[in-house]
């Protein structure tokens, strides 16, 4: 930062506290009102086929934004070699998952009509062991993103109001969102997202006007080709960010809940179309805070001591105090909305996919409450947000693609074993690529899985293709290993049939295959697995399925308690 002072001063502690508490408590009231209007278990857990295109479009906008929006996009625009071209790639990559959910949602709904998460589809297509394992993975990834969200919110509040305690912001946001999410479930998340989208659009417009008026730009810096030029690295980002964010967002079961909440497939398509342009514009406008701060000598390009993620807040110091308050409120709205999305998804996955609908909702609420304790504690640790996102993105590319091979009509022979082999193969392929790329250095090859040098390594202009190579190797390895596993099983099955004289039936189309009735007994890896099904599979849309849900207390008795 060029000038560490605050020309217009900081918000008073009393002002900061008032804005933080009033914003989060106001958001909590919206969530509680949604909970009061939750009248069925279907609305609480999944919201399957309950939303029209308009509200769902607002949800797509809101659920794609969190408080990290104010850090990661300006940071991306400041990276030499990326600049505005890279910012456009990042903004495009943000809306790409929305289109993906819009396309995949109807395909999964065709074979899993009452499903509402990817982990449920995985369980019902590939069997409960893979499904329960995937549920644990999804819970773990969403847990990591919950930590990042609380961490980011705490850092932003401390930047705007330095006198505020570091523990207060994440603690208050965890308490308020947990209260209304435990009470209102998925419906509370939907309502708060709708409010969030409207507030964000209004506040971003006001903020964009103020930034363009209050900052004095240096004409020489404005023409810096490191930010304006079209570089090879910026072109690579269009692939890296797009495919990585698409597959990483698939770990966010809140997105799948929204896709399956649409009343019709046409309503889903329309909601995606309505959300795309505003979402791209918001991300790009926020990201422009980075170059504007650099052009105004408020922020330098990323270096060892400053990664550029605070560019917007350094520029904010030159704004009137009321703009500080506006950004503080905006941050609280963004974080609350993002955090309750993860929380509502957690409680749904825990109840439906981890415990297969056999655990009382009150126990699921208790588990969610306990999950928040380590989140708040770990949120106090300094975290590189972009680094966390990148690792999650690479993991998604290494694991998720093979899952969708199960959607191929007639490809019944492809099973859960192949999915597991594919996921392991995805990580192994990244390791092999890294070892080859680093001239036989297996240690550096293994470290590439964690992307130790971040997105752009030491120098974005250098010929370093390790990152894009890793992001190409992961999905290719996943798909190739999964298909190779399936092919090897077919060959073994064929050889066994020839040896024993029994008919070879592995490639025959199975007329009795019904995913909405769960995988067949012959697909279950162990004999007792038939007892471990979710009794609600195939019946979630039945009116009788909500008879035991009492809206006054929001309690539901499971089919079998554990």
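Every residue gets a Cβ built from N, Cα and C, even glycine.
Curation does not apply to TrEMBL; its annotations are automatic.
Not measured: the values here are computed from a predicted model.
According to TrEMBL, the feature transmembrane segment maps to 18-36, 43-62, 82-105, 126-148, 168-186, 198-217, 268-296, 322-342, 362-383, 389-407, 419-438, 465-492.
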The transmembrane segment (419-438) touching the transmembrane segment (362-383) per 3+ Cβ pairs under 8 Å rule: no
Ranked first among 43-62, 268-296, 419-438 for CB pairs under 8 angstroms with the transmembrane segment (168-186): 43-62
Folded-back contacts onto the transmembrane segment (465-492), same chain, C-beta under 8 angstroms, at least six residues removed: 236, 239-240, 243-244, 247, 393-394, 397-402, 405, 413-415, 417-419, 421-430, 432-434, 437-438, 448-449, 451, 453, 455-457, 506-507
Recorded stretches the transmembrane segment (322-342) and the transmembrane segment (419-438) touching, at least 3 CB pairs under 8 Å: no
Stretch-level contact, the transmembrane segment (198-217) and the transmembrane segment (126-148), CB cutoff 8 A, at least 3 pairs: no
Highest-contact recorded stretch vs the transmembrane segment (43-62), from 126-148, 268-296, 389-407, 419-438, CB pairs under 8 Å: 268-296
For the transmembrane segment (268-296), sequence-distant contacts whose Cβ falls under 8 Å of one of its Cβ atoms, 6 or more beyond its ends: 51, 53-54, 56-61, 64-65, 69-70, 73-78, 83-84, 87-88, 90-92, 94-95, 98-99, 101-102, 105-106, 200-201, 204, 208, 211-212, 215-218, 221-222, 224, 227, 259, 262, 308, 311-312, 314-315, 318
